[in-house]
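Notes for the one structure printed next.
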Amino acid sequence: MRNMKPIIKRFISYITIDTESDPTSDTTPSTSKQWDLANKLAEELKAIGMSDVSIDDNAYIMATLPSNVDHKVPTIGFISHFDTSPDFTGANVNPQLIENYDGKDIMLNKEEGIILSPDYFEDLLLYKGQTLITTDGTTLLGADDKAGITEIVTAMEYLINHPEIKHGEIKVGFTPDEEIGRGAHKFDVEKFGADWAYTMDGSQIGELEYENFNAAGAVVKIKGKIVHPGYAKGKMVNSMYYASEFINALPRLETPEHTEGYQGFFHLTSIDGKVEETTLQYIIRDHNMDKFEARKALMKKVTEDLNTKFEADIFSITITDQYYNMRQKVEPVMHIVDIAEEAMTSLGIKPLIKPIRGGTDGSQLSYMGLPCPNIFAGGHNFHGRYEYVPVESMEKAVKVICKIAELTALRSL
Ligand SMILES: [Zn+2]
């Protein structure tokens, strides 16, 4: 393609390699095709002049950009994941370049009549006049999180070519399997050696996140008794009716479809029922630790109360914590958020600070000793055919990375 910007070329070279992860696999990376991009990235980091480039047995990539100042500066890191979501296929991505976007419908796929429309995805209108990269309607794009990788590599290349920008030591980390919740668990925080880091894995330009849910999963088992229905009077216990008692005992409006912002919820994710036994799966989410604990306590109380009401041990519950709000780990080192905010403001980007209604690799890393807020990578509509990314947002993210590096060195003078 004619005279394409290097950042677009780089991004396309990543998204056209299929790296879909697989939650049913036990290996790391979960799919061997992730090696295809991992190996390429390691080579590319060497090629642009990064030091200590390493790729371990689980495909975790690390690299260093040495400090170019004499004074002591904290070591900071930038992290992205190279797998794509198993929610939608990432094979044979065929990106479309929409230059000077006119704010109208974008035909992604003529044959199948797939349209990316601002009537439905209003955010598109933020990018009138910009260059969008979209799918052809048959795959996801992989901006989540190959946009983040593109931005980090491009920023490192820029800093290497512009030694007049003063910065401390910078670490780069690329991980597999973030989309299946296993991006952080084999991340060697000690080897990485950063004082703090940022995941470049947010969405819209300006996003800066350091709060996520506290999360637990609950499994409720309801025991019944199967008897021939013709002879069941006074004998059969149909666990499914008892299950509905449990479901209705929890506040109906504290569910994902009725909550937003800082409101937590109980989410019934599955019912597996027979007369003999019914299993309910829930996830419990709350940003506030006290409220999170109260939600777990309520589920236990409902279990006990129902057993008392029916004078039998019909209900049992197992609750397992999954992850915690990184705010608890970031708040004591709040300057790491301030620096990112200052970097954005100084570049004319309005910071959008809001709580994540989910978890990130950064929340796990924060609890592993590496405080790790999340910054926008620029894409929208992740995990599906309507995913797109404005090139200008990726370029701004590159600038944010360079500016954070510069400010960190300045602040420690
Ligand atoms: Zn992501």
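Cβ atoms here come from the backbone N, Cα and C positions, even for glycine.
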Per TrEMBL, Asp144, His383 bind Zn(2+) 2; matching candidate in Glu111, Glu179, Glu342: Glu179
Recorded Zn(2+) 1 site member, picked from Asp22, Asp26, Asp201, that accompanies His81, Asp144 in TrEMBL: Asp201
Assigned element (helix, strand, coil) containing Asp201 (Zn(2+) 1 binding site), judged by DSSP: strand
Beyond the site residues His81, Asp144, Asp201: chain residues whose C-beta lies within 8 Å of the centroid, for Zn(2+) 1: Ser80, Asp145, Gly148, Glu178, Glu179, Thr199, Met200, Asp361, Ala377
Pairwise Cα distance for Asp201 (Zn(2+) 1 binding site)/Glu179 (Zn(2+) 2 binding site) [Å, integer]: 11
Candidates near ligand 1 among the recorded positions Asp83, Asp144, Asp201, His383, judged by a Cβ under 6 angstroms: Asp144, Asp201
